[in-house]
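Asker: According to Swiss-Prot, the protein has these features:
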ACT_SITE  LYS79  active site, charge relay system
ACT_SITE  SER154  active site, charge relay system
ACT_SITE  SER178  active site, acyl-ester intermediate
Amino acid sequence: MSLFDHKISELKRLIHNKEISISDLVDESYKRIHEVDGKVQAFLQLDEEKARAYAKELDEALDTRDEHGLLFGMPIGIKDNIVTKDLRTTCASKILENFDPIYDATVVERLHEAEAVTIGKLNMDEFAMGSSTENSGFKKTKNPWNLETVPGGSSGGSAAAVAAGEVPFSLGSDTGGSIRQPASFCGVVGLKPTYGRVSRYGLVAFASSLDQIGPITRSVEDNAYLLQAISGVDKMDSTSANVDVPDYLSALTGDIKGLKIAVPKEYLGEGVSEEAKQSVLEALKVLESLGATWEEVSLPHSKYALATYYLLSSSEASANLARFDGIRYGYRTDNADNLIDLYKQTRSEGFGNEVKRRIMLGTFALSSGYYDAYYKKAQKVRTLIKKDFEDVFANYDVIIGPTTPTPAFKIGEKTSDPLTMYANDILTIPVNLAGVPGISVPCGFANGLPLGLQIIGKHFDESTVYRVAHAFEQATDHHKAKPEL
């Protein structure tokens, strides 16, 4: 049995009772990484020397002070688009291959305050653009459940590392499903918080109006611990919300009697596999047995979500990624005769194909003559999608459906057809456009591959999302399954 089979609350008890040390936890993490990461390929950088030194320091602090952080001694992996001082941050892109940040992201500072131990940086799709982690500029992460399948994306490294037992928890980012989709594919728990709940300061921007950092864990309880540690307003991020952060752990009561669930007919329609539908219907039976009720509803503008998302996110990306020009930091070409050539060659050589595709799409959508037809219209449709959610939430507590239309697909299966790859996020994207919170929890298997149940809540009501997810988790055994590597 791995130490990481214990929840945070149990690990903290073992540490305080001196049954294990923090150094033991960190040793367990690096031992497992050295055993299996050659197969899984989840990590891009390890911070072994510093992590071991910090673990010793915390072990000593156990005797010298009474107050300890919320995540005291807990090992964590961080997605490689979240900046970490003096620990290379590449966004899995050649253009940032040797970039060492000079500051920590706010979430990293908050992890330090909570006294978590950073193990290393995790692989991802380049600049978070992708659904399979095949767009990384450095390596392809594999799904621990079947090494021939993708772990999902863009936080594929974050989900795979947790599923493989390399770290007990990780941070990812979610722009159109990039936490929930890999969590579903890898059989772990992944939450996208409400937009503004967690500071984006130090998150390398893909689409600023959609990006949100969130936790990936083995259990709902651990997920609540992590969100507790990283949430709250931040003066360095004007989009972070000045809204009180509740005690998420107190929401895990197991009581969902009288809870009203909405199930959008669009989420169980065309393109959703029979296994995904059945796993959701089985999950609804479990929730009914616990006292909740459910009804079918409609989110009529969901069919426009994919097109809306790719216009808006690509437009924002084309602006955000303009800063990578080879002048101030990052890769710089040796093949330029003048400044214009320097920009052109640096970006052509430094960015991967998917990133270039989205920059071009976004630049086109924002260009004179097309702005009204594409970008402005997409913003209007986004408002309609947000209103659909508000209308449903006027009468229901949560919305439930599958996280993904299918389980994980084979590596290389969709790389030649971007549209089929994009369609994989069709059930997660509307949540980002509406800015509401959503979680994926394990709810079954298809052909030995995990399936995820998506639970969506009202703005800033992560507590109810956690309450439902925890009640379902406690009534089932799906989250206890582990891949064999």
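Glycine is no exception: its Cβ is also placed from the backbone N, Cα and C atoms.
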Asker: Report, in whole Å, the straight Cα-to-Cα distance of LYS79 (active site, charge relay system) from SER178 (active site, acyl-ester intermediate).
Answerer: 11
Asker: Indicate the candidate from SER154, SER178 with the smallest number of other Cβ atoms within 10 Å of its Cβ, considering only these active-site residues.
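Answerer: Selected from the active-site residues SER154, SER178 on minimum Cβ neighbours within 10 Å: SER154.
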Asker: What is the separation, in Å, between the Cα atoms of LYS79 (active site, charge relay system) and SER154 (active site, charge relay system)?
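Answerer: Cα-Cα distance, LYS79 (active site, charge relay system) to SER154 (active site, charge relay system): 9 Å.
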Asker: By a simple count, how many Cβ atoms lie within 10 Å of the Cβ of LYS79 (active site, charge relay system), its own Cβ left out?
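Answerer: Other Cβ atoms within 10 Å of LYS79 (active site, charge relay system): 31.
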Asker: Under DSSP, is SER154 (active site, charge relay system) helix, strand or coil?
Answerer: coil
Asker: Helix, strand or coil at SER178 (active site, acyl-ester intermediate), per DSSP?
Answerer: coil
